[in-house]
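Novice: The structure's right below; bear with me while I get my questions together.
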Amino acid sequence: STMRKRKTTDSPHSSTGLSEGKEKLRLKQEVGLISGVSLIAGTMIGSGIFMSPEWVLHHMGSPVSSLLIWAACGLLAMFGALSYAELGTIIKESGGEYIYILRTFGSFPAFLFAYTSVILVRPAGLAAVCLSFAEYAVAPFYPGCSSPQVVIKCTAAACILLLTIINCLNVRLATSIMNFFTAAKLLALLVIVVGGLVLLAKGQTQSFQNAFQNTTAGIGAVGVAFYQGLWSYDGWNNLNYVTEELKKPEVTLPRALMIAIPLVTCLYLLVNMSYLAAMTPSELLSSGAVAVTWGDKVLGSWAWLISLSVALSTFGSSNGTFFSGGRVCYIAAREGHMPDILSMAHVRCLTPSPALLFTSAMSLIMIISGSFTSIVNFFSFIAWLFYGMTISGLLYLKIKKPELPRSYKVPIIIPIIVLMAAVYLVLAPIIDQPQIEILYIIVFIFSGIILYFPLVRFKYHPRFLQRVTLHLQLFLEVAPTTRVAD
């Protein structure tokens, strides 16, 4: 059977366990409905909605067509999330795409996903969001000129270290911070929405006259516009990474998705309308940071509130990215696809601290090197490649394994639409504007073969690594964990 069940034993090197003979460790189920909604919405609402609208408008050419792209991106995110909700009720394990690919397609493709995600995608995404936070956080200290890169990078590094401490100490602390920052950024977006509604009520509707004029119909341009919009929706799948930490996952997972994603979609549409009410399309296109320009036009001397809001928003988003990203590393290690030490949890805090520390270290390397920009530009390419694989796994389970128990079922047409969208989003940039960086990404993904066969397939574990694991385990005060029973 392709739906293999993992043995619920400790790490292969259980002789190194601090908890030998005692009750086995597992992560606490402390994420409820409100925290679940905050994790999704808080991660989705990052810097994208404050920066991307001008690029969507640039590629689409007209205001209404850009609004249609924002709505379509929200619908696609919703369809993807509903498909993932069914997967989450069939496979009640943390890890998101990794665990779903592992249980449906087997070890090799799951390892390639974990290798790419843990080494490249998640740390690069976290580094990018933290750099965005740092840019807005230090901007007020350098009025009239650009901030020094060394200051931005040091601030971003400090942000990552702070997030590491918070997430290693306590899950409840991390989710509480998530809830606070989600509330703060929702308040900021509501200010923009209300300001826009006031402007529209006063008759500032010039941007919506001849609103379809200059609309672009090219397949490539529409695909790039989708990439820009979907970057702002990234995070719709984050709750699936922490399924084992959800209270009543079979209920919380679908409900949180059905609340968070329509909420974010409606806010994004209203915020875009507010931008267009305050600015003409040409003004919006010439704006370096559309939210800041909106603040200057509408709030006047209170415009600094928008810069503060963007900083808060990106910090909250980076916390959500860090919270879920560390779990991929942790789950992959627990399944034998990463070093054993990364599958362990702190004996008192009950957090996957080694995995979080590793994710933090990789993100810091990317911030220091500054060479990750081109990789982040193709983030959507990698993401939708694996989203497509995951959704095809759901279709396989719906057709071949309909007898598997599941508390939630999505109509089969929805994952089919998501799969078609994923194929389009992967192939469109290759066909329309082939670039050498995409080849580099594909080569990096398949370079995992070099590690997979000796370390995973043939289980070659050098003795010195076992000694390193023992010393790290004692130093970090961590012990092996078990999977939450179904």
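Numbers run from 1 along the shown chain.
Glycine is no exception: its Cβ is also placed from the backbone N, Cα and C atoms.
Source: prediction; values computed, not measured.
Copied straight from TrEMBL:
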- 1-20: region 'Disordered' (REGION)
- 31-52: transmembrane segment (TRANSMEM)
- 64-85: transmembrane segment (TRANSMEM)
- 97-118: transmembrane segment (TRANSMEM)
- 154-174: transmembrane segment (TRANSMEM)
- 180-201: transmembrane segment (TRANSMEM)
- 256-278: transmembrane segment (TRANSMEM)
- 298-317: transmembrane segment (TRANSMEM)
- 354-372: transmembrane segment (TRANSMEM)
- 378-397: transmembrane segment (TRANSMEM)
- 409-431: transmembrane segment (TRANSMEM)
- 437-456: transmembrane segment (TRANSMEM)
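Provide an account of the burial state, proximal residues and distances for the features listed.
Specialist: Sequence-distant neighbours of the transmembrane segment (154-174) (same chain, 6+ residues past either end, Cβ-Cβ under 8 Å): 27-28, 30-31, 126-127, 130-131, 133-134, 137-138, 245, 315, 318-319, 322-323, 326, 346, 349-351, 353, 356-357, 360, 363-364, 367-368.
Taking Cβ pairs closer than 8 Å, the transmembrane segment (180-201) reaches residues 37-38, 41-42, 45, 49, 267, 270-271, 273-275, 277-278, 291, 294, 298-299, 305-306, 309-310, 312-313, 315-316, 319 in its own chain, all 6 or more past its ends.
Within the same chain, residues 42-47, 50, 129-130, 132-133, 136-137, 139-140, 159, 177-178, 180-182, 184-185, 188, 191-192, 195, 199, 235, 278, 289, 291-292 sit at least 6 positions outside the transmembrane segment (298-317) and bring their C-beta atoms closer than 8 Å to a C-beta of that stretch.
Outside the transmembrane segment (409-431) by six or more residues, the chain places 76, 79-80, 82-83, 85-86, 219-220, 223-224, 226-227, 230, 380-381, 384-385, 387-388, 391-392, 394-395, 398, 438 with a CB less than 8 A from a CB of the stretch.
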Novice: Taking the transmembrane segment (378-397) as the reference, which of 31-52, 256-278, 354-372, 437-456 gives the largest number of Cβ pairs under 8 angstroms?
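Specialist: Going through each listed stretch, the top one turns out to be 437-456.
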Novice: Establish whether the number of Cβ pairs under 8 Å between the transmembrane segment (97-118) and the transmembrane segment (31-52) reaches at least three, counting only pairs separated by 6 or more residues.
Specialist: no
Novice: Where, among 64-85, 256-278, 354-372, 437-456, do we find the most CB pairs under 8 A to the transmembrane segment (31-52)?
Specialist: 256-278
